[in-house]
Amino acid sequence: MPVAGPLEIVSLDNEARGVGRLSNEDGTPGKVVFVEGALPGERVTYRSHRAKPSYEQATLVDILRQSASRVTPQCRFFGTCGGCSMQHLDSRAQIAIKQRVLEDDLWHLAKLRPDVVFRPIAGPDWGYRYRARLTVRHVAAKGGVLVGFHERKSSYVADMTSCEVLPPHVSALLVPLRELVGRLSIVQRMPQIEVAVGQDVTALVLRILEPLTSADEAELRAFADRHAVQFWLQPKGPDTVYPFYPLDRALTYTLPEFGITMPFKPTDFTQVNHQINRVLMSRALKLLDARPGDRLLDLFCGIGNFTLPMATRGCEVMGIEGSEALTTRALANAQHNGLDGKTTFACRNLFEVSADDIAALGRFDRWLVDPPREGALAVSKAVAELSQRGGEAAALLPGRIVYVSCNPATLARDAGLLVHEAGYRLAGAGVVNMFPHTSHVESIAVFERA
C-alpha cells in the first residue's frame, strides 16, 4: 500500500503499537490506525498492511515529530525479535504507560478508581529475565540451528546471537547452544530449550522427541562442564522432566529479608525477575499488615513463594494451589525452611471453587491472591455470594485482600465483583514492572472490607 499520513499518535495499545485515529471527510472520528514502532506524541507517516472497516494495522515509515521519550534500543535485534516490544521507549515512560493501562482497565471495565495509586515497583532494566523458553529450529537457509525467541508476530525463530534482557552468562550461551544442537543426532527433534537460573545453578531443560545417543550424552556432559550449566531432559509432558547432568546441584532462589531458601524444579512456576520478586514480597507483606497470631490464606500459592515469608511474621498460613505436584513441593519447602509448624497446604481447583468451598476453609484475617492471567473469577464470585448471604457467611470474609495480578483486565473484572457485589473498597493499586521493555503489565491491589 502507499505511504499515508501524517498521523498523530495518541497512545499505545496492549501490544505496544502506536494508536492514532483518522478523520472522516465531515470531520467526525474515523478509523483507528495501529502503527508498529510509533510512540505517543509523535507525528508519523505509515504504510498499512491490513485494512478493516474500523481499523488499520500499519508499519512506521517516517517520524515527522519525535517523542522526547524515544530512545535508541540497546539490543541490535530489537524490532525483529519478539522478546521485547518497548526498548525504543524510555524506561520511566514505559512504567507510566503501564500505570495508565492499569488505571484505564479498572475504570473502563469496573468503573473503579483506587483510593491510592501506589509508587511503581521497578528494578534493573537489563539482564533480569531469569526464566525463558527458547525455540530451537534447524534452518538450512540460515546455515544451521537457531536458538532464540520467535520473531515479532511470527512463528519463525529470530536469528539472534545475544539478548540484553537475559542474564549476561545466559546470553553468552546462545551461540554455543546453536553449535551444540547442530552436533546432536536429534538436531531435528529438539524443539525447545527452557532456561531457569537459580542462586548458584543455571538449568537448561531440553525438550527431546527422540532418545539421545551415547554420543549425544557425551556432548551434553562436556558442554555442561565447559559452561557450568545443568541439563534436564523432557521426553514428553512437563511431569516427565528429570535431571540429566550433573546430578549434584540443586536449583534454588533466596529471599534474604526473610531468611528463606526456595528449592524448585526448572519447570515450576517461579517469578521471571528475582529482584522484583523480593521487592514485591516486601510490599505485599506490608500491605497485608498482618499481626502475629493472625490466620492468613494464600490462594494460588505455587511452591510457597508468598506463603513462607508470611509465616515468618508469626502468622498461621494456609496455602492453596491447584497443582498436586506444586502443593507437595510447597510443603517440602516449608519443611526445608523450618516453617512446617506455621503452614498447611491443600490442593483445590480454584477456577471452580464455590462459596461453600470457601466457607469450609473457615475464617482468615487476611488473604493474598496471586492467580495466573485468567484471574480469580470463581474466588471473586464466591466472595460476593458469601457477602450477600450476610450473617455468619459474611463474617467469614477477611478484612483485607491483597491481589497480585499479571493481567490488568482480569484484575479489573474481579475487582468489580469484590467492590460492587462483595462490599469491599479498592484501597490502592499500582504497577509492578516485572517485565521491562515488554507491554506485560503486572500489578498489586488492596481491597478492604467496607
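The chain as shown is numbered from 1 upward.
Cβ coordinates are placed from backbone N, Cα and C, and glycine is handled just like the others.
Per Swiss-Prot, the candidate among D248, D289, D365, D370 that belongs to the S-adenosyl-L-methionine site alongside Q271, F300, N305, E321, N349 is D370. Note on N305 (S-adenosyl-L-methionine binding site): other Cβ atoms within 10 Å of its Cβ, all shown chains, come to 27.
Its Cβ taken as reference, C406 (active site, nucleophile) is surrounded by 20 other Cβ atoms within 10 Å in the chains shown. Under DSSP, the residues of the domain 'TRAM' (1-62) split into helix, strand and coil as follows: 0 helix, 41 strand, 21 coil. Of all the binding-site residues listed here (Q271, N349), it is N349 whose C-beta has the fewest other C-beta atoms within 10 angstroms. Within the model, the domain 'TRAM' (1-62) shows a mean pLDDT value of 94, rounded to a whole number.
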